Amino acid sequence: MSDGPPTAKQESGSLGSLLRHSLNYSLVPVVGRVISVVMIAFYTRWFDTDEYGTVDLADLLLAGLVQFIGWNLLSGMQRFYFERTDQRERNAVVSSCAILLTAVGWTVVGALLMFRHELAPILISTEGSANVSPSQIVDVATVALLIVPLQLSSQAGFFYLQIQKQSGLYAKVALVKLVFELSLRIWFLFGLEWGPVGYLLPVLIGEGLCTIFLTGHVLWRVGLAIHWDILRPIVAYSLPLIPVGVFQLGLHYGDRRMLDHFAASDGLDQVGIYGLGYKLGFLVTMAMLGPFVQIFHPWLYSEQDPQEQAKKVARVSTYGLVAMSAASLLVILFGKQGIDLLASQAQYLPAWRVVPLITVGYTFWAVYHITQIPLYIAKDTFPLMWINAAALLLNVLLNWWLVPRYGFVGSGWATLVTFAALAAGGMFEARRVMSVPFELRRLSLTVGAVAAAAAAALELDANLPVATIGELALAVALKGAIAITLLAGLWAVVLERDERSQVTAWARARLGRGGERAA
């Protein structure tokens, strides 16, 4: 039972802790995304569009299978850890989930590997292409499948660090892993010339080492044992989410497969172009949403008062969306210039046409992701099933209709509309289950600013010539003016006066502290 509402000082401290941990969790994703953007120039020089499309499909297959097989169990581990008060029982939650996750991962992947020759054309591409043979597709699928159980095991270790709020150690381990994998990838791709397989092998090695050293250390610390009485309610909580994982696998992975299938004879090439635009459009969400959720979940679960939980969800949802949208404006408006700068072959240049669509789509995805939290708190996850099932059906129908007519741009529109529908469904259920007082006016204004930026970018990039330095400078100046106007609108209209004062004071304090250290 709560002793009363938190004081302003207590709330400020908890939000300050949330911000500090979020910044630590953001470090490696931000560095990783910056590096991945820089590496695009090398990947697009080294890979033709069909090879890049193969790598993109393998990346998505890997992420989708991790989500399907075990991500919900990891969420359950995090959710139930805080319900236990005895430390031995908390350790048993971690140990039991990690062991079960490893066993399930290897069982599922082992079964899939037995039929890899038959499954590879279904999972990656049906016929290959000019630069990717059917045997290479089998090799790529094999490596991607082997990564899955190792990544699930290593993530159990990372989730434990999140639960313990050891964000500094989390960032250090993840940074070492990132640098190690990148170094191997450069060697395998540009030194040994191993092609798409060389792109994936460093991840396999990195996840294996992380499983041995990080998760191994965690299991040594908490004790290597499985407790069925503790595990049973976690499994019961996670099982209904398995269909959700299947549907989300289809949402994030299916558009590439449908693009490959529905888009004439150059499907894999279009997947490569679409994948490049998708990577840039997904940039902000990858860098900001994941770290935000990583600390927000345990921070929120540790709050026992339902009314305070609802208030925190509403307020922090607004702050998170405003921050991600402000960063998204720059990606939307300057996406074409980014593609022009990074694409090393002319065949990749049309990718700019989906950058605004994907970025707006993932703004809606961020809204949906936040609306899931009240359902997890209430342990009422069944609505997620129908929301994701309906969204997947909508996505399939949209791709079936749009891709034959508009190619990869049709997939971009399908993603945007699907994620908007997801956000609407999630908002409806969150308000029904927990009566979260979402700040709809501020959320609508924020999403509206992002949509306005996308409309302006698509119009300018389609009609404004940039053949000369002067024309390019004019385009950049116009986009800069739009960005400043929309950012000023978010600052002056969406944020309230006291919030602007707090942000200003926080920034001045950090700048002053930095100046003192420099002195």
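Glycine is treated like the rest: Cβ placed from N, Cα and C.
Summarising the annotation, TrEMBL assigns transmembrane segment to 25-46, 52-71, 92-115, 135-161, 173-192, 273-296, 316-334, 354-371, 383-402, 408-428, 440-460, 472-494 (among others).
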Exercise. Sequence-remote contacts (6 or more beyond its ends) of the transmembrane segment (354-371), Cβ cut-off under 8 Å?
Worked result: 274, 277-278, 280-285, 289, 293, 313, 317, 320-321, 324-325, 328, 331-332, 335-336, 338-339, 408-409, 411-413, 415-416, 418-420, 422-423, 425-427, 429-430, 436, 443, 447, 450-451, 453-454, 457-458
For this session: Could you give the residue numbers and ranges of same-chain residues that sit at least 6 residues beyond the transmembrane segment (440-460) on either side and whose C-beta is under 8 angstroms from one of its C-beta atoms?
Result: 317-318, 321-322, 325, 328-329, 332-333, 335-336, 353, 355-357, 359-360, 363-364, 367, 475, 478-479, 482-483, 486, 489-490, 493-494
Exercise. What stretch of 52-71, 316-334, 408-428 shows the most Cβ pairs under 8 Å to the transmembrane segment (135-161)?
Worked result: 52-71
Exercise. Under an 8 Å Cβ to Cβ limit, what residues of the same chain, 6 or more beyond the ends of the transmembrane segment (316-334), are close to it?
Worked result: 15, 18, 280-281, 283-285, 287-289, 292, 296, 355-356, 359-360, 362-363, 366-367, 370-371, 438-439, 442-443, 446-447, 449-450, 453-454, 456-457, 476, 479, 482-483, 486-487, 490, 494-495
